[in-house]
Each structure stands twice: as C-alpha cells, then as structure tokens.
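Residues annotated as domain 'Sulfatase N-terminal' in TrEMBL: 168-451. Per TrEMBL, the feature domain 'DUF7024' maps to 622-770. Annotated transmembrane segment per TrEMBL: 6-23, 30-56, 80-103, 115-133, in sequence order.
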C-alpha cells in the first residue's frame, strides 16, 4: 500500500507542477523545460513501476533487473505485451497533455515567482517519490544502513562430498506451486492427490520467500547454492556474462563430486533466463528441455511456455527407470510449467481440469488442480517402483505465485503465504516442521538428508539446524546489506592483465574463465565486467560502448568491420576478428587477429582524454547498424548496414552472423535498388542458401525484362548469372517460389509464440561484375 500511495502522490505532484506553473506563475523558458523534463521522467518511471508491479507484486525488484539483462529467448512474451502497450499509451498521452499545458494555450495571470518555485519543487518531488525511484533508493539506503561487513561469518563455501551415498534424489520444482494452496478452508480439494503425499512427508510449513529468490531461475539458484540472485550489471545494463557464482559449491557440484550423475528436465527452452548457463557451471551434467526433446515443432504437446507437464514428467519417469535399473547413483531434477501465470495450462489427459471457487471456474486454479495430478502420478510411480527404498523425493515451489496469476492471487493474499517444501524417503520421519526457514535452506536440507553436510552458502539444513532466517535479526534486509558481497561472488574478476582469443572456438579467456565471442570487457577500478552479445538485446555491443563514461577502459573483441566503422576505415569490410582496446575519449588501438589463437596483453595507456574526440566517437557508436554505409563493390549481408551503391531495399530480414533471410511478410520478393544503372553487359555473382521447400528449387532473379533462375541448397552456394543492361535498369528482384512461415533463428520469445517470418532465400553476398570491354553507365 505504501508504494501505491507514493504512486498517487507522484501523480498529484505531476499535476500540480504543470497546472500551477502554467496558470499561476511567472514563466521562463529554462524553468519550463526543466519542469517538463522532470515530469516526463516521473511519468515514465511511474508507468514502468506499474507494469513491474503487475508482474512481480514487488515493483522494480531483482527479477525485473535480471530479466531485462538476460535473454528472452524461449520465454512467453505475449503475457507482457498488452499491459506494456497500455502503459506506453498512457505515458504517451500523459506526456502530450503535460506538453500542451506547459507550452500551449492561454496561461491566465502570471504574477508570482513564488508559484514558479512551488511548481519546480512539485516536479522534483514527483520524481523523488516515484515508487520506482523510491524503491531503488530505499534498497540502496538499507544496504548502507545495515552492517553488511559480517557476510563471510555466515557464508559457507565448503568443498564437500557425500561419503558412501545411499540414496538417489528426485527433486521436483513446482512452478508457482506454493504451500498456501494446501489451505483447505480457502482452496477446498485443490490439491487432493499431492496432499496425501504431503501428510506422509517431512513437511516444512514455514518456508519464507526472500528478496531475489522470487522468480524461477532465482528460486533454483537459491535452492541449489543458498544464495539470492543478486546479479551485477554492466555500464549499460546489458547482459553480463552469466557465470552464476562459479567459485561457490552448490548442491549440483557436491552431488557430482560424490559420484552422482545429474540430470535436469523441463518443458521450456533451457536458454531462457540462462538456466543452461547455470547448470553448466554447477554440476548438472545432462539437461533436457524443449530444444533437446525434438518436439519443438509439435505444438500438440506444447503450451505457450513449452511442453506440457505430463510430457516432461513421463520423460523424467523413463529416465528414472533407466538409471535405477542400471544401478547408477543419480540426482534427477525436474521443473513443471503448466501453472505458470497468468492463467496456467491444462495438460491433455488430465481427469481433473475444472476448479471452481465461490461458484465460478478459475483457469489458474484449474491449472493447479491438473498439474498436481500429473506430479502426484509421477511421485506415485516412483514410490510404487522397486527402487523407492533408495530414493528421496523432494517437492518444492520455485517461488510464490506471481501477482499476475489471475484471480487466485486474490485468495492467496488473504493468507500468510509460504513456499512449498516437503521430503519423502525411506528414512525420512513424517511430520510438520514449523520453524522459520527460507528457500535458501532447501539445498542444505537435501544434502543433510542424503548423508552429506548441513550448510551451503547462506543455507542451513532445516533437518538439524536453525535457519539464518531464525537466527539473524531482520534477515531480509540483511540480505540487501550483503548485496555487494554476494555480487562479488558472481564470477566477475577484479583484474585483467592477459587474455587469449580463440577464433576457431570463438572464445575469450582470462583469469581462468572463458566467455563466448563477441564480447566487451568493461574494466572498472575494482571490477572487470564481461558483456556478451546473445542477440537478445535491443542494442549491439558497438552501440553499448556509447554508454561508457569518458576515460573508462575497455576491451572489445568482435568482427573487424564493427570497430572499423568508428576507428579504422581500412577494416570496414574485414570479416576477421579484431581486438580493440583503450579508453573512451582516449587512445584506441584496433588489432586484427591473424590465425586461430591470439595471446594478448592489456595495453591501455593513461594519457589524457579529449572531450571532443569522446563526443565524436560516442556519436558514431550510437549509430543504428542499419544506418551504416560502407564503400565496396559487394553487398555483404552479414555486415552492418549496406554498401553506398544501394539506394533502397525491401523484403530483407534482420542481420544475422552469416547474412540475411528474405522475409515475404514484408515483401513477396527481395528488391535491391541500385543508385546507378547497370553496365551494358555484366555478371551477377550471388552467394546464398534456401529455406524449406525452396531448397534446390528455381528462384527467379529479374533485372529489367530479363529473368533467370538459380537453385540454392541448404548451405550457401555461389552462382554466376549473365545479363545485358539498358540505359535505365537498376533494380534486382529475387523471388523465392514458396516462402515458408518459420520461427527459425528466433531471438525473442518461445518458439511457439515468437514472431514469425516467411523465409525463402538466405543472402550472403551479391556482386555486380562488369564484363570486360563495357563501362558502367552514369
């Protein structure tokens, strides 16, 4: 309620600032602009906070910051579109109204500078009390107010193993499946099948949700590593390479070191939120998701987030049976998805698929009813198997249900909400354990029950010790105070002297860590931030460098044509790899890499920067890649922009590492309009590939009244066609016979709902070659 009160006060201050200044005060151009800028920023922050609040219930928290700085590939984006559009439209309309009030129309009497001062104060106050600004400021102040210097007294990072492990592990993460749903007074018979197992389990009834553990990847990290997901961000908020506390010893690491084969099964794309990166770092050797299933094009077994729960759990059961029969010690983790907000999804074959509350059917609760049936069937199959006697089963929620979970969250908020965590096993004593704990304690508790240690990170085994949530006063805010210490564990080194670039494997290595190319290394005074380009961000690495402050040091490894457009024109056509290093506004050195391996040294001098140079280079770095022009006799479609001999083009998709696809949704044919007419006689050299039914099918290539046909395979091939020009022709058209709807190469959203393209021909290069003895007409 406090945040909503701040939102209302901020809105009132915006209104007062604009109205009082326009109709009551003396006016000045500088004051008008100042008030306009502050009120616009306040409106945008308020709108952003409202959208974040809708999804998180906690405004601009760590889940927002994490999601905005990691890949959205594999995520369901449709849920975000409508509220985001509404917020944008509201902000735009509000800004237009503010502009008209401040700069247009009758102003009435303007008689007092006092009112101008009052209006200015209101505009400043509108910004300061904006809930987004207030929340970020409050968390920062909390971190400074509470002593966080004692982090190392509580953080445990022991190298440990389970001596002579006796039990296999099956750990089920139930998407948003919080313990609150088991309240039979509010949700009668919502979880009838799971409740039978819960009553026979060691049930931890007071599992609290802490900051930065309230979204799926954060919940997984918390339960495995005993740490909240506080992630450092780079100079522009881009995706800092996801190394996920690489020096920490998490549950997966300990299990792997103890001889367990480790598996993770889920229905969604593993790349979403960088889950695959976490598993790779922390001991989960085998992963299986939508892409690995081979079912990504079978939409009958998918919802908008991935495979239905019954498909995933059936696959997990098959793997459990196989591993158990082999005698191999193993840990099998799985994550459901059918209960994902806002409404959830019903797996085909569910017998329980309609849940009513207060006389009405609720889709989100019906999804819970169905998913619990699937989970219970999976648990029952394990417990009825001959391998139940040496298997421990854990069922936990990944996090509490999101505020966007339609209708059901209204009922949940009437209760004290808790995460779910219960354990079934041959030597596990059933009963309810009511001591306060958090999801940070899940991994340590499981490790203890498996016969291992009792501490992981900030987690403590709830089977034998007190949780820090019980022993550390004000533990929630203490986590904020420890925030910087936790971010320092992320795996971002504090120094770089030497590095190695492997162009064949496309890797950049330093300080014992390896990252994919291309990459920018943001070198701060006490921290080195690797920033990767996974194609999921709105801006390129080149554009992101424009956010560097003057004098800030960096290393940039990318294809040479990227830095060439700013610092070295001789490289604007080079597709080799280059190392660029220096200080923003200072001396910049661009070096082309020869060979597959390059051992480099950081060589950045401290000569004074030049502000004029800084401003000029930052302006060049900010240029949209599509607006770049280069001088060449060849159109290289993988490069930024286009050659200066092209006047316009249509039917071409986005730039990709190899080139560009045609997209018949924008134009049924590719059209390239040259600035000058073609020569009297010339060859057209085309390197391209085809998609789907267009593979090895004649594609029409037309210049003037001449049409020829060429076939292209699945991989790029080069063809040469001969044409005769006239005085006017300067347009080439390429017409694939059967453009095909596809989400191939999608970088936004899950494959089921991501934006489609209609692909036909994939262009790598086109070159016009005059035949000897002819000249180009001007």
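Here the Cβ of each residue, glycine as well, is placed from N, Cα and C on the backbone.
Counting same-chain residues at least six beyond the ends of the transmembrane segment (6-23), those with a Cβ under 8 angstroms from any Cβ of the stretch are 31-32, 35, 38-39, 42-43, 46, 49-50, 94, 98, 101-102, 105, 107-109, 115-116, 118-120, 122-123, 125-127, 129-131, 134.
Long-range contacts of the transmembrane segment (115-133) within its own chain (CB-CB distance under 8 A, at least 6 residues past either end) are made by residues 3-4, 6-7, 9-11, 13-14, 16-18, 20-21, 24-28, 31, 34-35, 38-39, 41-42, 45-46, 48-49, 52-53, 59-60.
Across the domain 'Sulfatase N-terminal' (168-451), the prediction's mean pLDDT works out to 92. Residue counts of the domain 'DUF7024' (622-770) by helix, strand and coil are 7 helix, 71 strand, 71 coil (DSSP-based).
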